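According to TrEMBL, the feature transmembrane segment maps to 12-29. Taken from TrEMBL, the feature domain 'Epoxide hydrolase N-terminal' covers 59-168. Summarising the annotation, TrEMBL assigns active site, nucleophile to D238. The feature active site, proton donor is assigned by TrEMBL to Y388. Taken from TrEMBL, the feature active site, proton acceptor covers H445.
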Amino acid sequence: RSFGYSQKHAILVPAAALGVGGMLVYWLRSRHKIKTIEMSDGWWGSGERPMKGKEDESIRPFRIETSDKEIEDLHRRLDQTRYTPHVEGAAFHYGFNSSYLQKVVAYWRNQFDWRKQVEVLNKYPHFKTTIEGIEIHFIHVKPSYVPHGRAVQPLLMVHGWPGSFYEFYKIIPLLTEPASHGLNEGDVVFEVICPSIPGYGFSEAPHKQGFDSVAAARIFHKLMNRLGFKEYYLQGGDWGSRITTNMAQMLPQCVKGLHLNLVFIPVRGLRRIFSVMLGAYAPWLVGFTQEDAHRIYPFIQKNIYDVLRESGYLHIQATKPDTAGCGLNDSPVGLAAYILEKFSTWTNKSFLQRDDGGLESKYTLDELLTNVMIYWVTASIVSSMRFYKENFTKDPDLNAISRIGVYVPTGIAAFPQEITHTPQVWTKEAYKNIITYSYMPRGGHFAAFEEPKLLAQDIMNFVRKVEHL
């Protein structure tokens, strides 16, 4: 009996140890398992999804075109605009100064050449392809020359609101032909893909409710896969930042690196509030650099008052976008005022004090009006505004990013005139693998449009480091 008991004990103890050990290993592995967003699938086309037949996956060349009728209609509407006299001395404090608006419209009506700008837009190859029932527009620019032995890195760049794919026209040659622009000796060369977010510009608007940044991320992954890429770099600001972040959270194995020029992590929770309070007196105790402190303080002014002043549009678009949108879709001057006001104060907060909003100190009227025309000729302002409602309905504080985390190599370019500044110590809470974090010397929200060379240099520096990890 004693022998039998010992033999049974000899079998049970190792088995129990093995079971406990297995559970411990599983627990340890599950702790380090990277959470991801489910890829899933979607259908955004009109009507029901076809039961039979495969979606047309062809990639079709596309050209932007215009007509006499389109231009004549625009001119007629510009000629019939009614203006409201501005408040004396108000500059841009009440929004777009109506006296300066009349100057912009006069240029638009009498000097702006839309046909010429269409030629400018068509200088890069445009394409369309159907994904999840809607047509997706994108430009795809390859380098004309690649130094021997150099790998071409695919880079997807995603715009935001109220921008467009046109924001990247000045940075594209710097990325695809860097050596000829004095940026480097050709050790980092890109081919650049710039899609239009569905509902923006020449990408078809979703016909169903619920199209958010996760849906856009999935569609852009499918686009890159359709173009034959298995691994690629991502870059974005504004909504482009959220979409590319979602892409990194969805298929991290496909994302070689993520570069952002906007990171928004809301200030909430006692620990974060305590760090804000203490950081005003001893920034180093809470991980702030001197530059962080300079950019976020005085905190109430820069992060509450300034943000509230600049975010009135957001509350409209996140609740009932179609109401305000129908007026903007019918009036080119209303549309221009609505969009261009953002290119003023989001480029530099001090432009609020100027009668002309400082617009022509950073951009030309041809550049600004070309971006407006992309919204006008495609009648896409309403569908672009709906993107806010779809996202804020599902994630009111836009904080889902922090709950999942981003583990791919990440580069951050923090521009000083951005709407809000996120210190690196806060950024690390969501982006777990930051390779570069750069305090840019100048520039605001529309980085690629305003400071293309600075942004290109930072992207290259980031990719160079990732490639040598």
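Note that Cβ sites are derived from N, Cα and C of the backbone, with glycine treated the same way.
Recorded residues H445 (active site, proton acceptor) and D238 (active site, nucleophile) have their alpha carbons 8 Å apart, per Cα-Cα distance. For the residue listed as 'active site, proton donor' paired with D238 (active site, nucleophile), the C-alpha to C-alpha distance reads 12 Å. The Cβ neighbour count for the residue listed as 'active site, proton acceptor', using a 10 Å radius over every protein chain in view, is 23.
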